Ligand code: SAM
């Protein structure tokens, strides 16, 4: 008889009991116990035998198992040493899974990718992320400039809303810009909190991010561009003019520089950061640099 999926509530319970595992809230441990949702995640990610996958935080292997069944190769980073023997046990039937016992934020992703995978095949990140470090993990993958074609990741719905938000909405902010600069972001579906053990306080969402061939906008200096976008959202109720002065300075020379740059990019200083599109932020950043 075929073994039940790890994600079935009964099998999860057995695995936890067998290994005497107790959840650590500080590591964002909320395990999925609904095989249908896992199948939907794998489907959304378009994982097949021609795809390599990186997973962050395999837990006891609920999602890893579904990925292993469809992907060519799976590499999973798990920080919790108590889960390493559990995964050795649950992943025994899947030789195409490699578990790396490491904090993913400390991982040298480029080297791992080069050594673990066939470079010809597309690489995707598929994960139910630990919620306490969702943003740092996303930024680690985006900024390390590794060849990840797509990310299909579960996170708190509120964070998924912020990442995929459009200008002029309440959720739009520097995080939307930081991610959308590199990737096209789409909210795929909502996952109710009831399918996790232990149950978190909020609902989750699956976000599908597809890497753009080139960044969304052309900027002279990425660091300066991100400094500007962060500055514009420093105090959301303040105007762009107020926030920019707080970051760059209030002396006459700086004010003249900011004013000239805003004028050249045709942006009214009385607007709020949340009304500016990526294109407008890029224009302003480039004009500021040109006048420095
Ligand atoms: N993938 C499993 C599932 O869907 O049931 C577990 C997901 S659980 C939300 C997050 C997992 O990430 C936990 O297993 C936790 O131990 C692990 N984790 C937390 N911080 C991590 C880090 N910095 N690096 C790697 N794994 C981490």
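Glycine residues also receive a Cβ, built from the backbone N, Cα and C atoms like all the rest.
TrEMBL does not curate its annotations; it predicts them automatically.
Taken from TrEMBL, the feature S-adenosyl-L-methionine binding site covers 30, 32, 57, 78, 103, 128. Sequence-distant contacts (6 or more apart, same chain, Cβ under 8 Å) of residue 78 (S-adenosyl-L-methionine binding site) comprise 57, 58, 59, 84, 87, 99, 100, 101, 102. In the three-state DSSP classification, residue 78 (S-adenosyl-L-methionine binding site) falls within a strand.
Annotation source TrEMBL lists domain 'Ribosomal RNA adenine methylase transferase N-terminal' at 37-213.
Note on residue 30 (S-adenosyl-L-methionine binding site): other Cβ atoms within 10 Å of its Cβ, all shown chains, come to 20. Around the Cβ of residue 103 (S-adenosyl-L-methionine binding site), a 10 Å sphere holds 10 further Cβ atoms from the protein chains shown. Around residue 128 (S-adenosyl-L-methionine binding site), the same-chain residues at least 6 positions away in sequence with a Cβ under 8 Å from its Cβ are 30, 32, 41, 57, 59, 63, 153, 154.
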